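The feature transmembrane segment is assigned by TrEMBL to 46-65, 95-113, 119-137, 204-222, 229-253, 278-297, 309-332, 338-356.
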Amino acid sequence: MADVEQGAALPSGVPPPDVLNASAANGTDAANGTATRFVSTPEGTALAYGSLVLMALLPIFFGALRSVSCAKSKVRSYRSDNSSDMPETITSRDAARFPIIASCTLFGLYLFFKIFSQEYINLLLSMYFFVLGILALSHTMSPLMNRAFPTNLPNRQYQLLFTQGSGEAKEEIVNYEFDTKDLVCLCISTVVGIWYVLKKHWVANNLFGLAFALNGVELLHLNNVSTGCILLGGLFIYDVFWVFGTNVMVTVAKSFEAPIKLVFPQDLLEKGLEANNFAMLGLGDIVIPGIFIALLLRFDVSLRKDSRTYFYTSFLAYIFGLGLTIFVMHTFKHAQPALLYLVPACIGFPVVVALVKGELTDMFR
């Protein structure tokens, strides 16, 4: 049997590394023992990249829709002085610091993989993402479970309360309320998590990856368009530098085993679910443009018009930028930072539309 290895990655985004990869599988010829290279068929390549594009669009689309409801909940929480339910808001200061923090994290991971055993590091990361993945997948499944849960079954309420001290000095450390529906989601997510830890199967990886991406788009809110431009502009420079200027991003991407990327096999037609020659797309290439697209949807809603012009414009711009990344990669056969193409498209297209409609000032306000 051929020994299959992931090939050169196309990293992009924030660490953990984001990758867009046409992997080359190296093997051994059974007849003469010489090294051979797996060449995917045009059909297999088209299926892999088409599936990656589709999987990237789903969390952006549904995460943006859910971010609108989340923003309305944020307003209600603010008015009731209940800030615990508010999503994370990214300010311009956070956006400016983020590429620096991302660079330090990426280089730190690079040094870790150079100094310590890759096996033990990935074991720790697997357990960390096992817990996070279960929580993220449970949250993602919750709206669907609310619709699918049988009405004739009792939906009991539970509360997990952990306090410190007593009397007037008593302080709540954990106060988590949940119901039977949440427990069902948690059980299903745990099964997926065990499957991922034991088998590292690409389907389980994608379920966690999609959940992470959707939660990121839904819960990470930019406070305005200017902040979004600062964040995307900074990560644009970060992405180009670490991919073209050094081998750090590629090295970490090839060493890092965690559901921080979506994968799809190019040899699925030949090997079925046991296929292992993967094309990849990093979650940063989904979440970072996704939170900007979600912001534009909330801007559409704030205009109180029936159209969703800026949302659909930026959504189409994302498809264009991702398609251009894949095209350039296959044309030049070299790793490409996806944000190099996604950032100008996702910012440029909506800005042009705003200029034409005379709403540029309103957009940046």
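Glycine too: its Cβ is placed from the backbone N, Cα and C atoms.
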Most Cβ pairs under 8 Å with the transmembrane segment (338-356), selected from 204-222, 229-253, 278-297, 309-332: 309-332
CB contact flag for the transmembrane segment (278-297) and the transmembrane segment (46-65), at least three pairs under 8 A: yes
In contact by Cβ distance (the transmembrane segment (229-253), the transmembrane segment (95-113); 3 or more pairs under 8 Å): yes
Spatial neighbours of the transmembrane segment (204-222) far in sequence, C-beta under 8 Å, 6+ residues away: 55-56, 58-60, 62-64, 66-67, 70-71, 74, 87-90, 95, 129, 132-133, 136-137, 139-140, 192-193, 195-196, 228, 231, 259-264, 283, 286-287, 290-295
